[in-house]
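Novice: Once you've had a glance at the structure underneath, I'll fire off some questions.
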């Protein structure tokens, strides 16, 4: 679960991490009022969306008059911001963050994530912070220092000093960074984060460190089981894929893709293998959908509705291995879904496992135009051919 920048900064403030003074605004009038409360003659207005690359995409601007603040805010609110991290539709903008303009001497990068190789929270830092950090990571990875934290010992001050030296900090700035990193580690542990990032972490003209931007990702599992009620209240579903939100309500694992063949599979591994085989035979999956092991007729019906909610789907491949879930239950769900939804695209069904013959017979007796398949390769070939024929 992602947080907006203003939400992440509120979290930072709770842990005494220095941030610029700013206010969130949901109208141009509120933005102008925020600029007045901040004072000064330079303000920064930032679109609040769950995506990086806002600056290069025109979602962040330095402004010098309140008229400019009003005009820029009006141009953002109600529109969609397309960045290199979004799809072609972009993300909707419902709020902006108005902050005071600052004297920036240096831009640094500081972040932390769960390193699955070392099984530890690992800090990353670079003296080359700012909008081009991704290019730095790709072309000159040696400019990024990584420090893994031993979970038994926790974050140690010497690690902060090592990072400070690598970033070229000096004097009181070293102590400031140690304090910031210690607070970041506390947030990471106490709020069940999977990633936290400050880009840029700036050095101001008077030598102070300040988190100019903030990106926070929280472990979905911690939110779902109720460990983080405060974080759960910050969720903004307008920034999430609508189909994926609906899938979560039915405990379905669903990810929207760019293809035209809908896939309904039980098991994440089998789902990925199914997509690979569809690609191998010239098709393009429209989604990843794992209906899970405890599948019911209702969940299968919900899965069909999700797949068909996409305008790009021209065919559906159902690939079920009946281990925990029985093939007759899947067949019952398919029949119910087709009757309720009114499927008008080719549907290829491959069943194998528990009660497979009973399931196949139910599909055959349904009188519906369902295409049976003997194995995964056969199923992939048939759905690709059916989609091509329909086109």
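Glycine residues also receive a Cβ, built from the backbone N, Cα and C atoms like all the rest.
Features from Swiss-Prot:
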type: DOMAIN; residues: 9-246; note: domain 'ATP-grasp'
type: BINDING; residues: 46, 53, 54, 55, 99, 102, 107; note: ATP binding site
type: BINDING; residues: 199, 213; note: Mg(2+) binding site
type: BINDING; residues: 266, 323, 324, 325; note: substrate binding site
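For the listed features, I'd like the structural context: burial, neighbours, distances.
Specialist: The Cβ of residue 55 (ATP binding site) has 15 neighbouring Cβ atoms from other residues within 10 Å, across all protein chains displayed.
A sphere of 10 angstroms centred on the C-beta of residue 213 (Mg(2+) binding site) encloses 24 other C-beta atoms.
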Novice: Please report the three-state DSSP label of residue 323 (substrate binding site).
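Specialist: Reduced to three states, the DSSP call for residue 323 (substrate binding site) is coil.
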Novice: Ten-angstrom check, please: count other Cβ atoms within 10 Å of the Cβ of residue 102 (ATP binding site), all chains counted.
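Specialist: Residue 102 (ATP binding site) is surrounded by 18 other Cβ atoms within 10 Å.
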Novice: Sequence gap of 6 or more, C-beta under 8 Å: which same-chain residues meet both conditions with respect to residue 99 (ATP binding site)?
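Specialist: Result: 20, 21, 22, 38, 43, 44, 46.
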Novice: Can you check which residue among the binding-site residues 324, 325 has the largest number of Cβ atoms within 10 Å of its own?
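Specialist: Of the binding-site residues 324, 325, the highest Cβ count within 10 Å belongs to 325.
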